[in-house]
Amino acid sequence: MKIKVISRNPDDYQRETKKDIFKASRSYIVNQDPFRHQVEYTRALNAAKLERVFAKPFLASFDGHNEAVNLLEKHPLRLSTVLSGARDGQVKVWHLVTKKCVQTVQAHNGPVNGISIDGQIGDNFITVGQDSQLKIWALPAESSGVPFSEEPCHSIPLNYVPHSVSHIVNSSNFATCGDGISIWKLFRESPIRHYDLGPNTVNFLRCNPIEDSIIAGCSSDRSIFLLDSRQRTPLTKVVLKLRSNSLAWHPLESFTFTVANEDYNLYTFDMRHLEKARIVHEGHTSAVMDVDYSPSGQEFVSASYDRSIRIFPAEQWRSREVYHTPRMQYVLSVLWSLDNKYVLSGSDDMNIRLWKANAAEKLGPVYLKQKNKLILVGST
């Protein structure tokens, strides 16, 4: 490890005997400062420290849920719309600009297990719950003037408990998991395709955001698998030491995804070489519950049972930021906003918290005095 320090040679200033005078360094060049490098380094170091000291990453808290917030879902077409699901069956629609709840619906009689928004048109979303129900809800745009409905557009009873739901990219079709994996068409009473993956329960799945036929999932036998909807059996799977809770696809690389595991770590895989994780991300001190990528794909955020969220560079094993508050309990869900500036977390204390993606970033309008100061500094 290289440590850069400010150092000097004692022979340049120490006396040889007590009768010698003290040595004083002097530069006869008027325009040259002998300590300019050390001074600039000290200033830069202090500025970096102060930037971290005065950083205020926490922005707001959205309250209103009566149980733990275990699901967060961002709208793929609307920048300011976010949906949240709780363990009491409530689903809330939030407007990030006003920081207010737009609509609340009692979606299920029990915990909400999955929420997915149609990415083709964006005017409906699907929920699945512990009550073995699959429901389709209308999600009109605020500018349309159409009021929200507290009743679902369509409801389908299932013969198993669904654990997750995800829309296929550029399509209104979606996939659910539980007792295997089912592919559905919108408003159809039965799935168009079903994959039986054995006696183990599939507890999470996520469709690829680029390739419309690739699905990745986590199973109760501690395995993660890849499924091609054009085939009848899974492509491949790998078994980890402990169970995986969630996964997220890289938004720009169709072959890369990251898995949140119970062993306190996150694993980034290349689906072309699934036998070994490409990067193991460490730092959490309890089970990792959720993960989500930034829109640029350069970073991702993770939620953990250790009451904190961490922001990792995608190609590094160590996190660059750790966010926590004294009152925040187990963090169950997390997402990264589409404008790449904010991170949201849902926790066991019934709150949704809004954070800065970059803790020291200056947000909001720049006043005239600040603008003139920036112009003055830039011109010198």
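Including glycine, each Cβ sits where the backbone N, Cα and C put it.
Taken from TrEMBL as is:
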- 62-104: repeat 'WD' (REPEAT)
- 105-137: repeat 'WD' (REPEAT)
- 281-312: repeat 'WD' (REPEAT)
- 331-365: repeat 'WD' (REPEAT)
Using Cβ atoms and a strict cutoff of less than 8 Å, what residues sit near the repeat 'WD' (105-137) while being 6 or more residues removed from its termini? 70-71, 73-78, 83, 85-91, 148-150, 152-167, 169-172, 174, 176, 184, 186-187
Average pLDDT across the repeat 'WD' (62-104)? 93
Helix, strand, coil: count each for the residues of the repeat 'WD' (281-312), based on DSSP. 0 helix, 18 strand, 14 coil
Please list the DSSP helix, strand and coil residue counts for the repeat 'WD' (105-137). 0 helix, 19 strand, 14 coil
